[in-house]
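Undergrad: Encoded as structure tokens, here's the structure I'll be asking about.
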Protein chains: 2
Amino acid sequence: MKLAIMGVGAVGRSVVDLAPDYGHVVTAVADSSSAAVDPSGIDVDAVFDRKERGGVVGSGDPEDALDAEYDVLVEATPTTLGDAEPGFSHVRAALERDRHAVLANKGPVAERYGDLMALERESEGTVQFEAAVGGAIPILSTIADFGPSQISAARGVLNGTANFVLSRMAAEGLGYEHVLAEAQDLGVAEADPAFDVDGTDAALKFVILSNVLSQGERVYSLEDATVEGIRDIPASALDLAAEDGRTVRLIGEATADGVRVGPRLVPQHDALAVSGTRNIVQFETVNAGQLHLSGRGAGGPETATAILSDVGRLE
Amino acid sequence: MKLAIMGVGAVGRSVVDLAPDYGHVVTAVADSSSAAVDPSGIDVDAVFDRKERGGVVGSGDPEDALDAEYDVLVEATPTTLGDAEPGFSHVRAALERDRHAVLANKGPVAERYGDLMALERESEGTVQFEAAVGGAIPILSTIADFGPSQISAARGVLNGTANFVLSRMAAEGLGYEHVLAEAQDLGVAEADPAFDVDGTDAALKFVILSNVLSQGERVYSLEDATVEGIRDIPASALDLAAEDGRTVRLIGEATADGVRVGPRLVPQHDALAVSGTRNIVQFETVNAGQLHLSGRGAGGPETATAILSDVGRLE
């Protein structure tokens, strides 16, 4: 397949790197200021060399990538809230040309799901977004395989930064600010950590899960979610929990009652009490009990793997 | 889709029960001595009522089910070793008629994989066997989604009976014979537990995983597996392990080095140290680290769910 990649952060770059292993050709890449387009496959080294040196990936405008020859548009620009732009317009451009769109960007799927599904219905192209929920973990493909009506609820840990902070606080008896600074040093937390520690990122993922599980009966967005973050959790709360054999995790839920994200007490050795940046999702199934899927929920190659699995499903 | 069900144990009956929820019609069922066939859908209550009272499911010969009108043959007779009959012949009959075959029976996939793939190549029908490995856990569909070449090894616990015995021995400090008798009382272990406690059942599942992961480069059967069971593990070994923060689990492996199953020391709170009858598989991926999938590895409705997901993939 021919791929056009929008966004050249860690995820976009990993897709460019791994695409040949899956037999695909990258015909266009774009960041927010420029694009490189070549119908026979871009010169990857030249593109990233230019990006390193001068900050541009190529001589074209970003929109040139949208007009390029491709089968699948990969939307890997940063997640934005509200109108979810420019990601939403990128996906619309692909679907209006009857091309497929694969998203790592959570914005369009969590904030404009109804619009997205309406565009897909009018298009010969298909929308996939496994990479938007839980990185490498095959969460959406498992829902598709089971059938959404066979899964009554999803719960779990889908933000590695918050989980790293909480598990370090519990293991070392350290305070939130101290562990957050450590996480920032390690590159596990952003300079502005609000998106992760306030629960927004996890909430977007559980909004997406609710959209998939409800099969269009109801459309959810971040506004419908009840969200509480982890900034105000004192180290003493983790100590108290530990005395009782429990710990605290930032748990999200997508159930018939809606979307909720917040700190919850869980048994210390519970399946949901994963450590470090690991993610886990627990499905309640109608006929087959609980199912757990866990793995790396973020990272360039991990997320690229989910994108390329989605591309594989479109062949 | 129209389904013909070979085998009316717990799994076959659950498929019959759940098929209407998935929009399918059961046109034939057979056990080892008789069959009921009706192109417009069998009368389920009458069939099981006859089976309860007289031991036969219907007035036909078992072979009549193979000649019935169906899209998918569901092979749910007991797993047999060596020639894997009669399961293998049932599947061959379906493929030779260009129908699909979905197996819960491990025999044909573990013992005659080469023959099975050869039949599939000559047929318009497709062979699926998610239910043969790990019950409700979507193990094979995850391999298919990732691509087998993206997974370098599989490890884990795929026999609930052996895991129940080991986790009870560790938790209660009881000996093997005592816990086995308890498991038999609870229906977790068979009267003849050899298949489970000697590691054969787990080995068949890891043989199947090796067959799938090797993509036909090499065909594995039980003969290729190195298998050790749990009968000879003394309670004292579990006590010693516990003093060191570890426990013992019957761990299977499908790696480039082949198939191995045997008791292994694992950390007490390791992901692989699941409790009770729970199953877990751990994939080593090429680009996305480790991935864990866990859930119920056996049971009628659980296994039927996997069968019906397979049927869904054939539509």
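Using N, Cα and C of the backbone, Cβ positions are placed for all residues, glycine too.
Values in this document were obtained by computation on a predicted structure and should not be read as measured data.
As annotated by TrEMBL, NADP(+) binding site applies to A:G7, A:V8, A:G9, A:A10, A:V11, A:G12. Residues or ranges marked as NADPH binding site in TrEMBL: A:K106. For A:138-311, the entry in TrEMBL reads domain 'Homoserine dehydrogenase catalytic'. Residues or ranges marked as L-homoserine binding site in TrEMBL: A:E190. Annotation comment: TrEMBL describes A:K205 as active site, proton donor.
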Undergrad: Among the recorded positions listed here (A:K106, A:E190, A:K205), which has the Cα closest to the Cα of A:V11 (NADP(+) binding site)?
TA: A:K106
Undergrad: Which one of the binding-site residues (A:V8, A:A10) has its C-beta surrounded by the most other C-beta atoms within 10 angstroms?
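TA: Buried the deepest by this measure is A:V8.
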Undergrad: I need the CA-to-CA distance for A:K205 (active site, proton donor) versus A:K106 (NADPH binding site), whole Å please.
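TA: Their Cα atoms are separated by 7 Å.
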Undergrad: Could you check the binding-site residues A:G7, A:G9, A:G12 and say which one's CB has the most other CB atoms within 10 Å?
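TA: By the 10 Å Cβ neighbour count, A:G12 comes out on top.
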Undergrad: Around the C-beta of the residue listed as 'NADPH binding site', how many further C-beta atoms are within 10 angstroms, looking at every protein chain?
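TA: Other Cβ atoms found within 10 Å: 26.
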Undergrad: Give me the sequence-ordered set of same-chain residues, not including A:G7, A:V8, A:G9, A:A10, A:V11, A:G12, with a C-beta within 8 angstroms of the centroid of the NADP(+) site's C-beta atoms.
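TA: After dropping the recorded site residues, what remains is A:I5, A:R13, A:S14, A:V15, A:A76, A:T77, A:G300.
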Undergrad: What is the number of other Cβ atoms found within 10 Å of the Cβ of the residue listed as 'active site, proton donor'?
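TA: Other Cβ atoms found within 10 Å: 28.
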Undergrad: Which three-state DSSP class does A:G12 (NADP(+) binding site) fall into?
TA: helix
Undergrad: What residues, ordered by sequence, lie under 8 A Cβ-to-Cβ from A:E190 (L-homoserine binding site) and sit at least six positions away in the same chain?
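TA: Result: A:T161, A:Q184, A:D196.
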Undergrad: Rounded to a whole angstrom, what is the C-alpha distance between A:G12 (NADP(+) binding site) and the residue listed as 'NADPH binding site'?
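TA: Taking the Cα atoms only, A:G12 (NADP(+) binding site) lies 14 Å from the residue listed as 'NADPH binding site'.
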Undergrad: Using DSSP reduced to three states, classify A:K205 (active site, proton donor) as helix, strand or coil.
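TA: DSSP assigns A:K205 (active site, proton donor) to helix.
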Undergrad: Taking the Cβ of A:V11 (NADP(+) binding site) as the centre, how many other Cβ atoms fall within a 10 Å radius?
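TA: Its Cβ has 27 other Cβ atoms within 10 Å.
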Undergrad: Between the Cα atoms of the residue listed as 'NADPH binding site' and A:A10 (NADP(+) binding site), find the distance and write it as a whole number of Å.
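TA: Computed Cα spacing between the residue listed as 'NADPH binding site' and A:A10 (NADP(+) binding site) is 15 Å.
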Undergrad: To what whole number does the mean pLDDT across the domain 'Homoserine dehydrogenase catalytic' (A:138-311) round?
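TA: Value for the domain 'Homoserine dehydrogenase catalytic' (A:138-311), mean pLDDT as a whole number: 96.
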